[in-house]
């Protein structure tokens, strides 16, 4: 995006598995950013997305349609989507022609949910790399459904996927635990919330897995996976409830810090006006303890806490 000022644009690449809330996040974040005074352009990069709830500035479906690809090449949904992303990678001139008139906007890229696109397939990473050449500074926002915290085996799997995504995508990166307002619906947590957000000593998870006859046979494998995660020590999570302005603001602060966005004085005044009712003059990150008290009922003690009382 070289040429007339402003030469640098900022945005978010919203990624994550199907059902993690990417499209809902784009809707909620776009509304929040507009309330701050930012000009927002939401770009749909998922050719399988239909009936989008937000106003779409650019839609990859105008370039290539998943249904057409599946019919013409006799591919399944996953193979068809990979082909669509490779087709977009080969036709980036089309994407640049769509983005250039939106210079000066803050971009939200709603990306496909196929995990392999973010862990080992090269098309999406190549697209992001080319955007960097256009002076578009993105932060990868990786959404994970918070219900995985209630199952130790699934949480280890999520940690592995998050780590692989961080290493593969090659963008400034934050991980979100989405749908925090629904976490109680999935069962009790084995530990306090900060154990999962900060990814503390994972050996305790192994002890919980050892109580399951099925996973007891895979203890050595789980130990190696946990060791890999702890050796890199890169993964952590920010809790998110997209309906909560305070929660969205914590995420936005992390995103702006990651990609270097510096907001204007006018935006700061808009932020203070918006958040004063809920947060007063305190714009620092809330403690994880406060977040736990907000989203978990006082009677919902962790499994670990109940065991200690016996």
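Here the Cβ of each residue, glycine as well, is placed from N, Cα and C on the backbone.
Quick caveat, the model's predicted, so the values are computed rather than measured.
Residues or ranges marked as GTP binding site in Swiss-Prot (evidence: similarity to another entry): 19, 20, 21, 22, 23, 24, 178, 179, 180, 181. Under the heading N-acetylalanine, Swiss-Prot lists 2. If you look up Swiss-Prot, you'll see 78 marked as site 'Stabilizes the phosphate intermediate'.
Here the features listed in Swiss-Prot are painted onto the structure.
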residue : record                                       : Cβ neighbours (10 Å)
19      : GTP binding site                             : 11
21      : GTP binding site                             : 20
23      : GTP binding site                             : 19
78      : site 'Stabilizes the phosphate intermediate' : 12
178     : GTP binding site                             : 26
180     : GTP binding site                             : 24
Remark   = residue 21 (GTP binding site) to residue 78 (site 'Stabilizes the phosphate intermediate'), Cα to Cα, whole Å, comes out at 19
Ask   = Whole-number Å distance between the CA of residue 178 (GTP binding site) and the CA of residue 78 (site 'Stabilizes the phosphate intermediate')?
value = 24
Note = Rounded Cα distance, in Å, between residue 23 (GTP binding site) and residue 78 (site 'Stabilizes the phosphate intermediate') is 19
Ask   = C-alpha of residue 19 (GTP binding site) to C-alpha of residue 78 (site 'Stabilizes the phosphate intermediate'): distance in Å?
value = 15
Ask   = Between residue 180 (GTP binding site) and residue 78 (site 'Stabilizes the phosphate intermediate'), what is the CA-CA distance rounded to a whole number of Å?
value = 29
Key: Longest CA-CA distance among 19, 20, 21, 22, 23, 24, 178, 179, 180, 181, per record bound to GTP, angstrom   = 17
